[in-house]
Amino acid sequence: MAGYGHSTAGGFGSGSGSGPPGPQYMLPQYDEGDDPDADATPAGQGVRLLTNLDNSSYISVSEITSQSSHRDNIRPSRLRQAYEPSIDARTYEPSLDTRTYEPSISDRRHMYEPSIDERSSYMDPPRIPPPDGGSYVSSYMGTESMVSGHGRPWSPESATGYRVPPQGRYEPSEIDGHARPGTPGSSYGNARRPLPSAPAPLHYNSPSRAASHYPRYHGGYADDVTVSMGPDDDRTDIFGPETDLSETRHLNDAYGFRSSQITLSEDPHGTHARSRYDDEDDVSTTYSSNTGTSASGVDKFEHYGPIPEEGKHERRGVRPPQMSRKEVQLINGELVLECKIPTILYSFLPRRDEVEFTHMRYTAVTCDPDDFVARGYKLRQNIGRTARETELFICVTMYNEDEFGFTRTMHAVMKNISHFCSRNKSRTWGADGWQKIVVCVVSDGREIIHPRTLDALAAMGVYQHGIAKNFVNQKAVQAHVYEYTTQVSLDSDLKFKGAEKGIVPCQMIFCLKEKNQKKLNSHRWFFNAFGKALNPNVCILLDVGTRPGGTSLYHLWKAFDTDSNVAGACGEIKAMKGRFGGNLLNPLVASQNFEYKMSNILDKPLESVFGYITVLPGALSAYRYHALQNDETGHGPLSQYFKGETLHGQHADVFTANMYLAEDRILCWELVAKRGERWVLKYVKGCTGETDVPDTVPEFVSQRRRWLNGAFFAAVYSLVHFRQIWKTDHTFMRKALLHVEFLYHLLQLLFTYFSLANFYLAFYFIAGGLADPHVDPFNSDGHVARIIFNILRYVCVLLICTQFILSLGNRPQGAKRMYLASMIIYAVIMVYTTFATIFIVVRQIQPSQKSDDKPDLELGNNVFTNLIVSVASTLGLYFVMSFLYLDPWHMFTSAIQYFVLLPSYICTLQIYAFCNTHDVTWGTKGDNVMRTDLGGAIGKGSTVELEMPSDQLDIDSGYDECLRNLRDRVMVPAVPVSEDQLQQDYYKSVRTYMVVSWMVANATLAMAVSEAYGDSEIGDNFYLRFILWAVAALALFRALGSTTFAAINLVSALVEGRVRLRLNMKGFRWIKEKWGDADVKGKFEGLGDRARGLARR
């Protein structure tokens, strides 16, 4: 039975005088029996014709009148053909319970407004031959029965001045309603490229039939969603060659493309929706029980009944994708599919000349990542016309971040790739530089990934619903790998950006792991599976949520290009301050902003000078892939890096397990200490990246627990194994500098271990100094100050004890108020201590009112030297170095918040971290069950049978749903927090011993020093002098290292500019001889601007 699907209001029987205009976008839909080019009408069966979308009715061919009758608005009362079919040959109309609901006219958002002089859409209808040689029979009932009978849907009496918009005039819109990039209505510049030709018939299942009737689309949408991989497929444009708008309109008129697509919706009762034309057997029967009319009465007709009032009503044009079983040829025994991209995405792509732009490649990986290459898996960069060398391999790790964090990172990466392609004078990059860059997104767990993030990936063409399978021939799938070269990007506002905004193609690999196996396993997929297949030069690691600067990735890559000894590099991590710095109003965000800034000004430059950076942050770092490789025996940086993934139970001690909580620190150490090599790590100031920092107390405490424990144990590991440095190929000077750095780290480690006692002692001596009657600020002979000090001292001790209880028995998420209250009390103690320090300093400077003694402002063993000079020098170095790096604003916007929360950094975070050293689990219990929710690929030999989307319309339906979800900001229900997993007794017992020893050590130090110097003045307190001057000395050491780093960078820039200048000054001696020595200097300075320009390149 032939049928074109649903028509629009401008379909058969539409008019301009009554009824609404039709929708704007239509796709042609065909069944297997359609034959638009047939000249004769076979007899024997009735014909199902176009459907009126507005009221879901059927109109037979007999209602189509001649052109002259329509122009005169004359409606014939009755039309009949010579042949009336039998009951069995009449068309089938579905019953009420199987029909789909279509929204009313007022619900339509897109209306096509035709001009008054345009012809009706049914003036020149396509010829539709009835099957089996039958002839047409009119089902027109006449005006009387229309009025008196059941309420038949609206049908206009005239079609003057209205017609359906042709397919070629459709301009796809963004998810926010604006014109998409590249369309004539787009506001982006003047980018007007021709729209794609009308898609081929989507419902043809026979390639020969499609080719015979539509030679233009031969080799296109002729068969399944899955196509075989071969050289011929690369040269075939599955959507037809590009054409201009006039040719598109000609084809639409020639092949009757004015009819719209079939609209399928879910059943109001929640049952499975199906097409009215899905079953060919149904169209050869007559069903009229709903109307109660005789099957032989042609004057009767059935109606569709009232609109359902309850149940889910789908939007018009949206249907759930239909799945069908298909037989697929395996490639090397593995499931590899080439899937067509959605039609709408294809419609605004600037390039469609390669299969990487028109097809998404899916691979079901059933092996461990270490065996990816050995099992014969290949990526697109290894096969066919897309075989390329990879210079830069970018890894973006993801857990359950939403679509805003993902698009913020991904859009920034694509803008960086555009910068690579803009460097036309580079020997490595250029217009086709994107072919040397591959972006790999690794998501940790299929059931954990955020649904809207999947929608964002689908909108870019990288992901498609309904393709993945749980198992292939009874082998469990470990990861689902999607490959596509996308040409569009979504910014953080979920708006499409394309070539008109400078976006270049981006080769993407999306690895969706079946199980949640943590970030370390994601990096194993990146390095051992995909990295081994691509063999890149430089690998860049990013976290979802981090937004690198516009040229950050280039500066990061340039560090490896200019120095062959660089094995790893990192950039500057900035806290995301929000619009106009609004996030800095949160003290937590402001304190972290100050911490990040001072670390990037003092710590990272110092360590970069020595050549060993203790940690390259996973949020923005890069490694030379060759330097990461293991030796012939299998030992090396990567083997040690991934060792932490297999640590469970008593097979690993707590020390080793906690050390691998900061696995990136282990990787840094293994690179520098690699036997027989001279690798160094470098900090790149020009590389910046913004990341969202925790803005709530529970998130902040939980994050720092892993950081502090990992950093502490990794530092101990590097100090214990410092002798490995002598087995490397570093120069003697480098080895000496590294030992100096080890000594610096040892002192830092000791201060960290005793930080709790040092904080208490500093508070005890400075705040207790106000209790002296000679210094009392309240003029009460020290009584008021003594009372305040005793209260705060007891509160501080009790709060520290309470902190231990909280850390041992409560999660931060379950005790939010208690953790917040403790941080507030610590802030009050810090404010009072700061007040005491300032008052004592001022009192020391001013002369005493009770005596004629002059203030003691000389350097020596006094309060001025031990308190004022030491504290002022520390803060002064912070200001000086910040101004030296031309980045001082954090000193004015975030310094106060940091120093107020400093006791919480020392007490709350440190206590919670040490009390949770037992929490070293990497895996997820209960996640070793093979799931079957996706189905599987079952078969024998080289072929398997699996369920896939039936045709292109089903792919488009899933894509359209993803765009609607992103546009409407569809909320995802929050996943309830699962119960805490039981920790092993072994870890808890070791945790207890460690916490007790740490607490006893700090308590002993605090009590001993407070008793020894309890009655001494501040100027005579040796321990206080030691603490303050040690802090000042460490700050000075960091400042010297930072200054050295800045000087080295300056010299390097000058040397690089001078070398470039020499390369561009051919014939310098001839110039000297011609102008003389006096003029050479002036000419040399005149070329300075040119040299600086070359250096910037």
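Using the three backbone atoms N, Cα and C, a Cβ is placed for every residue, glycine included.
Mean pLDDT for the topological domain 'Extracellular' (1-748) in the predicted structure: 69. Among the features that Swiss-Prot reports, topological domain 'Extracellular' is placed at 1-748 (among others).
Sequence annotations record features per position, and here Swiss-Prot assigns N-linked glycosylation site to Asn55 (among others).
The compositional bias 'Polar residues' annotation in Swiss-Prot covers 284-296.
According to Swiss-Prot, the N-linked glycosylation site annotation covers Asn416 (among others), on the basis of sequence analysis. For Asn416 (N-linked glycosylation site), the Cβ neighbour count at a 10 Å cut-off comes to 23, with all displayed protein chains included.
Among the features that Swiss-Prot reports, N-linked glycosylation site is placed at Asn424 (among others). Summarising the environment of Asn424 (N-linked glycosylation site), the number of other Cβ atoms within 10 Å of its Cβ, over all protein chains shown, is 9.
Here the transmembrane segment (749-769) has Cβ contacts under 8 Å with residues 712, 715-716, 719, 775, 789, 792-793, 796-797, 800, 829, 832-833, 836-837, 840, 867, 903, 906-907, 910-911, 998, 1001-1003, 1005-1006, 1009-1010, 1013, 1017-1018, 1021, 1023-1024, 1027, 1030, 1034 of the same chain, all six or more residues outside its ends. Positions annotated as transmembrane segment by Swiss-Prot, on the basis of sequence analysis: 749-769 (among others).
According to Swiss-Prot, the topological domain 'Cytoplasmic' annotation covers 770-786 (among others), on the basis of sequence analysis.
Sequence-distant contacts of the transmembrane segment (787-807) (same chain, six or more residues past either end, CB-CB distance under 8 Å): 756, 760, 763-764, 767-768, 770-771, 815, 818-819, 822, 825-826, 828-829, 832, 907-908, 911-912, 914-916, 995, 999. Look at Swiss-Prot and you will find 787-807 (among others) tagged as transmembrane segment.
The topological domain 'Extracellular' annotation in Swiss-Prot covers 808-821 (among others) and rests on sequence analysis. Residues of the same chain lying 6 or more positions beyond the ends of the topological domain 'Extracellular' (808-821) and with a Cβ under 8 Å from any Cβ of it are 696-699, 701-702, 802, 908, 912, 915, 977, 980, 995.
If you look up Swiss-Prot, you'll see 822-842 (among others) marked as transmembrane segment, on the strength of sequence analysis.
The topological domain 'Cytoplasmic' feature in Swiss-Prot is assigned to 843-865 (among others).
Residues or ranges marked as transmembrane segment in Swiss-Prot: 866-886 (among others). Counting only same-chain residues 6+ beyond the ends of the transmembrane segment (866-886), those with a CB under 8 A from a CB of the stretch are 597-598, 601-602, 766, 837, 840-841, 844, 859, 895, 1018-1019, 1021, 1024-1025, 1028-1029, 1031-1032, 1035-1036, 1038-1039, 1042-1043, 1046.
Here Swiss-Prot flags 887-894 (among others) as topological domain 'Extracellular', drawing on sequence analysis. DSSP labels the residues of the topological domain 'Extracellular' (887-894) in these numbers: 5 helix, 0 strand, 3 coil.
The transmembrane segment feature in Swiss-Prot is assigned to 895-915 (among others); the stated evidence is sequence analysis.
According to Swiss-Prot, the topological domain 'Cytoplasmic' annotation covers 916-993 (among others), on the basis of sequence analysis.
Marked as transmembrane segment by Swiss-Prot: 994-1014 (among others).
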Whole-number Å value for how far Asn424 (N-linked glycosylation site) lies from Asn416 (N-linked glycosylation site) (Cα to Cα): 15
Positions on the same chain near the topological domain 'Extracellular' (887-894), where near means CB under 8 A and six or more residues out: 581, 584, 590-591, 593-594, 597-598, 601, 878-879
DSSP helix/strand/coil residue counts for the topological domain 'Extracellular' (808-821): 11 helix, 0 strand, 3 coil
